[in-house]
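Q: Sharing a structure here in structure tokens format.
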Amino acid sequence: MAEGGGPEPGEQERRSSGPRPPSARDLQLALAELYEDEVKCKSSKSNRPKATVFKSPRTPPQRFYSSEHEYSGLNIVRPSTGKIVNELFKEAREHGAVPLNEATRASGDDKSKSFTGGGYRLGSSFCKRSEYIYGENQLQDVQILLKLWSNGFSLDDGELRPYNEPTNAQFLESVKRGEIPLELQRLVHGGQVNLDMEDHQDQEYIKPRLRFKAFSGEGQKLGSLTPEIVSTPSSPEEEDKSILNAVVLIDDSVPTTKIQIRLADGSRLIQRFNSTHRILDVRNFIVQSRPEFAALDFILVTSFPNKELTDESLTLLEADILNTVLLQQLK
């Protein structure tokens, strides 16, 4: 300390100069620490589990969270309804489903997309539900409409069936494979099932109004105390009026078969042939029944699996198409 109690010259100089400005080395150390913190932050974010999201313009996907550890988890995203319905149509198309002409649908719904997978010859089975009893040696031809809604599906005018129920999922898996589900096979005794599909995934299930129709011509076998309301199928005269103009000569001494033909416009023809008739006779029958197809080039294919009948000189027996469904496809 200087004489008189004042501060020493060196100490006074340090006080007057204030804090020391940071050097270049101090700045480098600060930047390095900042960079390390940023890297740690990014790495911690990248290690977090990510969810795969299936987007749909119609129905948002449902999310579930599954965790096996206190600090980690997995987001499980359930496919949307649109994905389920679109995959169902895609698989059905690959197994022989063909689009129907919207103008031929009785519903008149311009927004719906209708497909048909053709008919199938089914064996006898026990049936608990109400059914029509046809005359001897007649095949039962059952038409069923599968409607796919945003919240489930329904058969004809039946109740809503949610997609997530195991029995319903199994039903749709059979349709994807081009097979008639077992529960539909039980509806008939040695007949055919024609399954149509309609896309209504933009709408929620609409419960139809019950409409009473008087039955005529056929008996009904009841499987329960309360019979179900079943609509009466249209008569053959109303369904296939043009069939009267086509002449197919039948030899009663030769085995016969029943062929159903799904036409390109969505309508159908059903005709009895001898097993000795040729595929060319089937073509001629189509042209005679529907003269508008006479000038069009078309082929005939089996419904499942899809196979073009190229040799039209073969008999129906040789082509192995007895009691089957044929599809007409325009070239």
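In case you wondered, yes, glycine gets a Cβ from its N, Cα and C as well.
Quantities reported herein were computed from a predicted structural model and do not represent experimental measurements.
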Q: Could you check Swiss-Prot and say which of Ser66, Ser154, Ser216, Ser224 is marked as phosphoserine?
A: Ser66
Q: Out of Thr59, Thr232, which one does Swiss-Prot list as phosphothreonine?
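A: My reading of Swiss-Prot gives Thr59.
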